[in-house]
Structure formats: C-alpha cells, structure tokens
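As recorded in Swiss-Prot:
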- Ser184, Ala217, Pro218, Gly219, Gly220, Asp236, Asp256, Asp272: S-adenosyl-L-methionine binding site (BINDING)
- Lys301: active site, proton acceptor (ACT_SITE)
Amino acid sequence: MSGLLCYCRQGFEPELAAELSARAAFVGIAGYARTQRNDGYVLFVCDEAAQLAAKLQWRELIFARQKLVVIAELKGIDPKDRITPILAALEGQQRFGDLWVEHPDSDAGKPLASLARSFGNALRPALRKAGLLTDKPQPRQPRLHICFLDGDHALLAVADSADSAPWPLGIPRLKLLPEAPSRSALKLDEALLTLLTPEEREALVKPGMRAADLGAAPGGWTWVLTRQHVHVTSVDNGPLRAHVLETGLVEHLRADGFHWKPAQPLDWMVCDMVEQPRRVAERMATWVREGWCRNTIFNLKLPMKKRWDETRLCLELFEQQAEKSLIVRAKQLYHDREEITVLAMRG
C-alpha cells in the first residue's frame, strides 16, 4: 500500500478527493482517490506517495486537515494482539520521533477514541524496545501515525513534522473564552494559527498595526485582533459588544462593509460576511488591487453542490482581479462550516 492519507471535515470527502486528484495530475503523478462520503478521510492511492507529499505542501491543501504518507494497511487485526502485526509492518523503518494513534473525526470514527488512547499507551514501549521510537519526542524526526478505521483495521502512516498539522487529527483544540463576542472568534484564531507560520505571525501581526473588520458585528474577529493589540476599524450597521469597544482599540463605523473603503492603507483587512462567494472574492480583490490593505483574511461561503469547482473559480477570480504578486493560502478550518478561509499576503 502506497498513498497519501488526508483527514477532512465529515461530508467533504468528495471535495478533498477532487482536490487531491487535480493537484496530483498537475504535478504529473498518477493515482486515484479511495473514499466514501462521511468517512472523514481520503486515501489517495499512488506509487509515488513520498514524491507527491513533497509537492503538495500541507499548508497549501484546502480541504485536508492533515497530510500523511501511508506505509501499510492492516486488515483483520486480532483484537487480542494488535502490536505484533504493527511491529512486523514497520520492520526496516527508520526510528520515529513521536507516535500519534488516531481515528477519523466522523460518526463512525469517534467511538474508536478510547481504543486509540489506550492502544497508544501499550504500543509506545513496544516500539521503543524494537528501536522504532525515540525515548522522548523528537519533533525533527518523522512522526508515526496509526489511524484506526475499525477495531481490526488500521492505516500506518508517517508525517514530516515540518509539513503537517501539529495537532492530532489535524484539529487545533482552541478554547472559546467567556468574553469572546461570538463563536466566530475561533475561526480567526484558527486561521492565524493554521495559515501563517510562527515566523509569519510574528512579522505580520504586531501591536500598533491597523486593520479593518468588514461586517464586524457582534465583534468576534475584531476582538481577536484587539487581543494582538491591533487597532481596528469595525465596519457594520449592527452593534458591537460593549466590552469590545471599551478596549480603546476599536472605532465602530456604521456602514456597509461592501462599499466602505479606508482613507489610508491598512496592514490588515478581515471579512466574515455572509454573501455570495464570487461577490466576496471580487470585493477582496479590489481591496488588494487598490492598495487599501497589505494582507487579508476572508471567508468564502460555499454552495451545497460543486464546492470544489466554486472554490477554484473564486480563488482564480480573486488572484486575477487582485493584479498583485501574492501568497494565497486557503483552508477549510475545523471551526469553519460550509466555507473556506482565505489568506492573501504580499509576496
């Protein structure tokens, strides 16, 4: 068995399968996607998995929460002895720097959570005894993933820690603080964690910067920016939560976010308005093209059908109309629903 294992939001397997197929074809690697709706993962079977993984950077994949290279598929595992076949399948492999035992984030996969936790505790000492796992986690070495699809069915895969999600299942466990104006705050928190590298976050999100939040009410995204000590112009005809205004970092303008423009260039513009995705993409492109902002994070609400086609169309439309040299990344975040979050920054 050789291929890529990618986790995704349950119900978005067709979109991830289409994305992997299109991207693999673009780089000239043949393969096919194996999945079923609501599995919570896609297995892209190909003979050149390592080469494909190197060309498809995790941060560049839209619908993949995690990207792993499969090294074995085990079926019919004896529940009384799962360790022996796993050790046999790993014979000759290099020493791994960490072990994550996982399951798909799906209705069928979640009941396997307790098995994953307990089995990980049993497998670690066996791997160390066999010389397959370091005594302490070593993030610079490849990470071993055991993904249980059922009690007797598992995929063994490896991750490059520099090119994979740093969270089990690819899900950052963010806590919604009581003072957050809305749950949408988690979207921007996750976007900053996922779409930017630590070095980019440090360089691009600094105290004293200026930003606009279009369609800001009740203030979730504005609040996230103020916690980074960014000055925010919040544009919305609706009200903001009082404690957001009390930060002293927020100017609330009662205006239509689709028509407002700043008097001077801003460091950031963020937008989570509920609107047709193509209309949003065009307006965001105008902001970049006119130089109204240097960097932007915005959401695109996807239709129920042909979501991969709409995603590609909107991103192409944005990049064409922006008329700038940009680094563009997009993800369907864990805290997103029927939408994707897009980052665009000056190249």
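Backbone N, Cα and C atoms are what each Cβ position is placed from, and that goes for glycine too.
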Site of maximum Cβ density within 10 Å, from binding-site residues Pro218, Gly219, Gly220: Gly219
Least buried by Cβ count (within 10 Å) of the binding-site residues Ser184, Ala217, Asp236, Asp256, Asp272: Asp256
Rounded Cα separation (Å) that holds between Asp256 (S-adenosyl-L-methionine binding site) and Lys301 (active site, proton acceptor): 19
Longest CA-CA distance among Ser184, Ala217, Pro218, Gly219, Gly220, Asp236, Asp256, Asp272, per record bound to S-adenosyl-L-methionine, angstrom: 20
Alpha-carbon spacing, Asp272 (S-adenosyl-L-methionine binding site) to the residue listed as 'active site, proton acceptor', which is rounded to whole Å: 9
CB contacts for Lys301 (active site, proton acceptor) [other CB atoms within 10 A, all chains]: 17
